[in-house]
Ligand SMILES: Nc1ncnc2c1ncn2[C@@H]1O[C@H](COP(=O)(O)OP(=O)(O)OP(=O)(O)O)[C@@H](O)[C@H]1O
Ligand SMILES: N[C@@H](Cc1ccc(O)cc1)C(=O)O
């Protein structure tokens, strides 16, 4: 696999491909980051971006994890004290998940976002940005109806982080794209350089297939779950026999989170997925690629319950090393 393929593996979108190719031509020492609001445990949604950081490290990048305490505060996730405790726990979980401690820089937002220079740049960015532009950028981040002024300042700070962390690439889930687009407009207005962005797909909410698996609502799967808990959560997951987000064509889109987890977490890691079934139901099934599994679910050859039990076992294997390290 060449560097560009490794860097963009499993990505839903890159902005722009040309800029990414330039980085991939000479990745050594280039810098990338993902920011996380410390507001819960590291879940399978976050882990997609963490896996991307590990792949970027393999490609030669230096990686920064921003534990965005000020952003979490601005987004109403608790007091600074609570947020910092969560940040410490998340940092341990990133390392347990596989980010190399010696190659990863963990930075708290408050280490630089309260400095005078940053604050003055923020005010300059505020002056350049209309309310409607800021509102659009934060729409995916603040999904409720009662946006606060703090939540409009939030995307502008995220744009500035790209400059102040001195990164060559901003990484996040697809829900970060509007903020990254705002950053691409705002940074040049402050005489800073535009940087490319890479977005991973979004793992949908397990129970509904709508929206995203998130710390603040719905069900998440993390290293803090036991094997039995994972099994129960996957058993209850939404799993229609299709990957089509809108099979009825009525405009109500839902993803199939069971298939997403196979596609984005399981198949990139394992050669063959074995679905165990008693002989009387046709015996075991083996899959070497995601597409065949999806087709079998769609045709009815693979029953959702069988797909779920094999998935629970695979996810358990994925998080077992981290779970052990956390409990050591
Ligand atoms: N379900 C998901 N699938 C893929 N990526 C995700 C998912 N949830 C979060 N991410 C990514 O992880 C990073 C941090 O996200 P964020 O802190 O918003 O997650 P969260 O705490 O679960 O969400 P929220 O705070 O809205 O409940 C972002 O880049 C985001 O795109
Ligand atoms: N916006 C990200 C968190 C974040 C904050 C600051 C950043 O610079 C980057 C990312 C989220 O939705 O959780």
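Glycine too: its Cβ is placed from the backbone N, Cα and C atoms.
Same-site candidate for L-tyrosine binding, as annotated by TrEMBL with 33, 154, 158, 161, chosen from 57, 176: 176. Per TrEMBL, the listed range annotated as motif ''KMSKS' region' is 212-216 (candidates: 207-211, 212-216, 217-221). In TrEMBL, the feature motif ''HIGH' region' is placed on 38-46, out of the ranges 20-28, 38-46, 47-55, 65-73. The distance from the Cα of residue 154 (L-tyrosine binding site) to the Cα of residue 215 (ATP binding site) comes to 19 Å. Closeness to ligand 1 is met by 176, 215, these being the binding-site residues among 33, 176, 215 whose Cβ falls under 6 Å from the molecule.
Look at residue 215 (ATP binding site): DSSP puts it in coil. Taking only the Cα positions, the spacing between residue 161 (L-tyrosine binding site) and residue 215 (ATP binding site) is 23 angstrom. Using a 10 Å Cβ-Cβ cutoff, residue 158 (L-tyrosine binding site) registers 25 neighbours. Residue counts for the motif ''HIGH' region' (38-46) under DSSP, helix first, then strand, then coil, are 3 helix, 1 strand, 5 coil. The Cβ of residue 33 (L-tyrosine binding site) lies under 8 Å from the Cβ of 63, 64, 65, 66, 161, 162, 165, 167, 169, 170, 171, each on the same chain and at least six residues away in sequence.
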